[in-house]
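Student: My questions all concern the structure below.
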Amino acid sequence: MSNRIVIDPITRIEGHLRVEVEIEDGKVVDAYSSGTMVRLIEEIVKNRDPRDVWAFVGRVCGVCTTVHSLASVRSVEDALGIVIPPNAELVRNLMFCTQYMHDHVVHFYHLHALDWVDVVSATKADPIKASEIAQSISNYPKSSPKYFADLQKRLNTFIASGQLGIFANGYWGHPAYKLPPEINLIGVAHYLDALEWQKEIVKVHTIFGGKNPHPNYLVGGMACAINVNEANAINAERLAMVGQLLHQAKDFVNQVYVPDVLAVAPYYFDWAELGGGLPNYLAYGDLPTNGYNDPGSFKFPRGAILNRDLSKVHEVDPKDPSQIQEFVKHSWYSYSDGDDKGKFPWDGETKMNFTGPQPPYEHLNVEDKYSWVKTPRWKGNPMEVGPLSRMLVGYALGREEYTEAVNGVLNKLGVPAEALFSTLGRTAARAIETQLVANWALEFYDQLLMNIKNGDERMATNDSWEPNSWPETAQGVGTTEAPRGALAHWIVIKDKKVANYQLIVPSTWNSSPRDPSGQRSAYESALLGTPVHDPDQPVEILRTIHSFDPCMACAVHLYDENGKHVHQLNTF
Ligand code: NFE
């Protein structure tokens, strides 16, 4: 007899996600993922000036801030044939790297770590032992017995007052938690340190983009002026601050984030065999080193892997209608010519068709439509996108930086490459790529300084800025790799206005409902086989879902004003 449990909302994610799973003999035998909010940003930007769209779509999400603005300006530049100056490319790359370091560290500590780290157990730790362990895995300066003893005192005070605050509602003491108290204490300490650190690194966005979240972009370049002597420009002082922030970020990644992932992983090797899900991986690639129009120059390469076959990387063309389609058979939308066929985004439609059930309801009607997320496919295949896909594509292409970094971690942990196809692999891949990005950020920074030194201060081009110079119709695609995976915006321009605009975002690929042929997407697949020790405390489900770092704000593009809380299980 199977037993269906519902987790709604899944917390420690961005947006609203509901998961229903069938459990039989203590394991998940089927799963359904549903985005329970809808925002319709794609409709909001229609009939606007294409040059303004970045400012609207940037607000899709405050977590992966910058990525939608980036994809948007690129889509317009692609449509109108605009090539941006090298400095603008470098500044975009620096914004991108900053975003990754911020987002991945925040994800690991604040959204994912408590699936593995038992906060209450940390109160039983021996601070001297915790200090010894911390010093054996890293040269992070904050590691004295006093540092851990003080932190533990703060934690004890919290718990004694009955107010765990940000740590309330965890499944503390659940048998799935395996770490010794000392590593739990280190995890809690770094959770708090990471909170402090993350507000610093985003200053890079404020310097180049005026603010964070939602820094400013510009069609044709970037909206900041370089003048080393000018107070209101990117001057020598601001450039120096960027360098300092990037170095600090690299230190935090290398001294805190990566060592913690490596210290926690060995206690959870069973998760190297769980949560793999789909065998297909997709990356559009990003971080141009020779301009956006040369994908071969990207630091994150473009490509697809099918059936876990790392001997072949398939070519990906985001402009090929035979490669990418979006389906709405199981989503609360309709297509004007029927819901069985997929649509390429230039011809895409976003028309709501909510078929219920009306909240509050017990279960989704999974035979019909059950999510506000559409279902994208690549050559008919469901694909996983994100850090694991990026690392696998780079690894499969034999790029040295990737093989070195990935093999280094596999060797350290003493696990085979197959371990990558798992919940643990996904979480490790995110840490590995953050390390790569921390290095690349400094390369881009040095190149920017060099260009400026050589007298090149150009940051934008006026080419094609004037709408009178535009063709009557144009269409373009802007791709990027958002922290959660492959992201693209497709634009159709007619009579100088946006005629159509479609986004397929990473969490759409990963969290989508089934396609018309019944194939599951990444979350639904990855949950199959997950052991659930106690259906009232499904921490195991959170581990796999959180390993994708869901963002439902991105994945659906209005709150359901009737969206009453359909409680089944509250997670923390
Ligand atoms: Ni809102 Fe996003 C990222 C995008 S969604 S977080 O990264 O695009 O998956």
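Cβ atoms are placed via backbone N, Cα and C, with glycine included.
From TrEMBL, here are the annotated features:
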BINDING   Glu42, Leu503, His557  Mg(2+) binding site
BINDING   Cys61, Cys64, Cys551  Ni(2+) binding site
BINDING   Cys64, Cys554  Fe cation binding site
Student: Under DSSP, is Leu503 (Mg(2+) binding site) part of a helix or a strand, or is it coil?
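Tutor: Going by the DSSP assignment, Leu503 (Mg(2+) binding site) falls within a strand, counted as strand.
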Student: Quick one: which of these binding-site residues, Glu42, Leu503, Cys554, have their CA within 10 A of Cys61 (Ni(2+) binding site)?
Tutor: Cys554
Student: Can you grab the distance from Cys64 (Ni(2+) binding site) over to Cys554 (Fe cation binding site)? Cα atoms, rounded to a whole Å.
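Tutor: Cys64 (Ni(2+) binding site) and Cys554 (Fe cation binding site) have their Cα atoms 8 Å apart.
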Student: When you measure from each Cβ to the nearest atom of ligand 1, which of the binding-site residues Glu42, Cys61, Cys64, Cys551, Cys554 fall under 6 angstroms?
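Tutor: The ones that qualify, in sequence order, are Cys61, Cys64, Cys551, Cys554.
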Student: How many other Cβ atoms are found within 10 Å of the Cβ atom of Leu503 (Mg(2+) binding site), counting all protein chains shown?
Tutor: 27
Student: List the residues in the vicinity of the Ni(2+) site, defined as same-chain residues other than Cys61, Cys64, Cys551 with C-beta within 8 angstroms of the site's C-beta centre.
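Tutor: Everything else in range on the chain: Glu14, Val60, Gly62, Val63, Thr65, Val67, His68, Ala482, Pro483, Arg484, Val505, Ser507, Ala553, Cys554.
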Student: How many whole Å apart are the CA atoms of Cys554 (Fe cation binding site) and Glu42 (Mg(2+) binding site)?
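Tutor: Distance (Cα to Cα, whole Å): 12 Å.
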Student: What residues, ordered by sequence, lie under 8 A Cβ-to-Cβ from Cys551 (Ni(2+) binding site) and sit at least six positions away in the same chain?
Tutor: Ile13, Glu14, Gly15, Cys61, Val63, Cys64, Arg484, Val505, Pro506, Ser507
Student: Out of these binding-site residues, Glu42, Cys61, Cys554, which one has the fewest other C-beta atoms within 10 Å of its own C-beta?
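Tutor: Comparing Cβ neighbours within 10 Å for the binding-site residues Glu42, Cys61, Cys554, Glu42 has the fewest.
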